[in-house]
Amino acid sequence: DPDYAIKETDILALFRCTPQPGVDPVEAAAALAGESSTATWTVVWTDLLTACDLYRAKAYRVDPVPSTPDTYFCYVAYDIDLFEEGSLANLTASIIGNIFGFKAVKALRLEDMRFPVALLKTYQGPATGLIVERERMDKFGRPLLGATVKPKLGLSGKNYGRVVFEGLKGGLDFLKDDENINSQPFMRYRERFLYSMEGVNHAAALSGEVKGHYLNTTAATMEDMYERANFAKELGSIIVMIDLVIGYTAIQSMGKWSRDYDMILHLHRAGNSTYSRQKNHGMNFRVICKWMRMAGVDHIHAGTVVGKLEGDPLMIKGFYNTLLDFKSEVNLPEGLFFAQDWASLRKCVPVASGGIHCGQMHQLINYLGDDCVMQFGGGTIGHPDGIQSGATANRVALECMVLARNEGRDYVAEGPQILRDAAKSCGPLQTALDLWKDITFNYASTDTADFVETPTANV
């Protein structure tokens, strides 16, 4: 219905649709709208018993995708009454329920959504938020620094706690569990939590800074997750962690728990690339960012640009803006198809993690800004002089680059020289620069902007 007048309370969705040969794209869009709301494969007489014209989703616009033959952007509007208030499970059951298996479409991808203020007001939003987190950590004017304990699996609890202590003592703000460390036979969660918090408390006492460790509470049941989260709080942790794979209802439940108990909630996006990486089918990661901000997480991994994981510069910028802006406008180069008022939901902190090191610090600050957590796992644990030296190298690299930026220097162009100058009085930084130099994982991204040529990730 190209004449449909969009209401302020409508939920809007944009699908990238590749119809089967011979299928009209307008008909495909109409079928997507129908199947994701009220319709089935045939006319049913019970339609007469409902306000079907109100509840049926409306496909109101179909545009060809630039430079991509036989693929179309299909815009669909949903009435707000189609969705239960504050329930991601109900929302996603409609939006990504049956339609991705439609025979009439060869491929389908959910690119973006717009949520009305009336619906957002029914969601909690981040449990703590960036502003309160900075106040709690007493860290301002720079990105937060972290690292993931490596190796991911196999360490004993005591050795695990030693890694935590060394990293925090060296200058990091956070250490973290990785996505697949839960409560395995080689180290049960209680052992890991106890030794990790011993390391946190010791490092905090020595440094005079607030420190934290993301304790992964992911488990098989909600009862187990609550038990682990409560144990983390009893030990004095300020932050707990979950994985995306636990599901939307579990994520919202942990978001509510974190708000109730005044804890920061970190989300690892484990599993997202199974459906977000390919450009023609699945869903764009920016949609996951929006859902997770609504669900109540405080942190979410959102890309690095220069690291080892998928990350086009423009797309990453769009993800970060989605998590941090209170209001965003249409920005097609960054993949933002709708203006969005976030109804004062708190900011969700993007996390940059995966294949980054101190030699890239000028690039990271340029691309990602201050409001993020930069996590150097291998770039800390892999330092030749040890974990503490790796942490110190990252902290010195960050602070010298922030200082240069604040002095008005062209820190992007001068970045390598700024690091070399700082390394003259910091042996760990010099060792790190000698080892990793300017290594960058510069592969062509699979998910790139449709409306402009993508910039290179190298500076």
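Note: Cβ is positioned from N, Cα and C throughout, glycine not excepted.
What Swiss-Prot records for Lys150 (among others) is active site, proton acceptor. DSSP classifies Lys150 (active site, proton acceptor) as coil under the three-state reduction. When other Cβ atoms within 10 Å of the Cβ of Lys150 (active site, proton acceptor) are tallied across all protein chains shown, the result is 15.
DSSP assigns His268 (active site, proton acceptor) to a strand. Annotation source Swiss-Prot lists active site, proton acceptor at His268 (among others).
Note on His301 (substrate binding site): other Cβ atoms within 10 Å of its Cβ, all shown chains, come to 23. In the three-state DSSP scheme, His301 (substrate binding site) is classed as strand. The substrate binding site annotation in Swiss-Prot covers Asn98, Thr148, Lys152, Arg269, His301, Ser353.
Here Swiss-Prot flags Lys176, Asp178, Glu179 as Mg(2+) binding site, drawing on sequence analysis. Other Cβ atoms within 10 Å of the Cβ of Asp178 (Mg(2+) binding site), summed over all protein chains shown, number 19. In the three-state DSSP scheme, Asp178 (Mg(2+) binding site) falls into the coil class.
Around Lys176 (Mg(2+) binding site), the same-chain residues six or more apart in sequence whose CB sits under 8 Å from its CB are Gly146, Ala147, Thr148, Val149, His213, Tyr214, Asn216, Met241, His266, Gln375, listed in sequence order. For Lys176, the entry in Swiss-Prot reads N6-carboxylysine, with the evidence type sequence analysis.
Swiss-Prot lists Lys308 with the feature site 'Transition state stabilizer'.
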**Request:** Can you grab the distance from His301 (substrate binding site) over to His268 (active site, proton acceptor)? Cα atoms, rounded to a whole Å.
**Result:** 6
**Message:** Give me the long-range Cβ neighbours of His268 (active site, proton acceptor): same chain, 6+ apart, Cβ under 8 Å, in sequence order.
**Reply:** Asp178, Glu179, Asn216, Met241, Ile242, Asp243, Leu244, His301
**Prompt:** What residue among the binding-site residues Lys152, Arg269 has the most other CB atoms lying within 10 A of its CB?
**Reply:** Arg269
**Asked** Could you give the maximum C-alpha to C-alpha distance in Å for the residues Asn98, Thr148, Lys152, Arg269, His301, Ser353 that bind substrate per the record?
**Response** 37
**Message:** I'd like the Cβ neighbour count for Ser353 (substrate binding site), meaning other Cβ atoms within 10 Å of its Cβ, all protein chains included.
**Reply:** 25
**Asked** If you count Cβ atoms within 10 Å of the Cβ of Asn98 (substrate binding site), leaving out that atom itself, what do you get?
**Response** 12
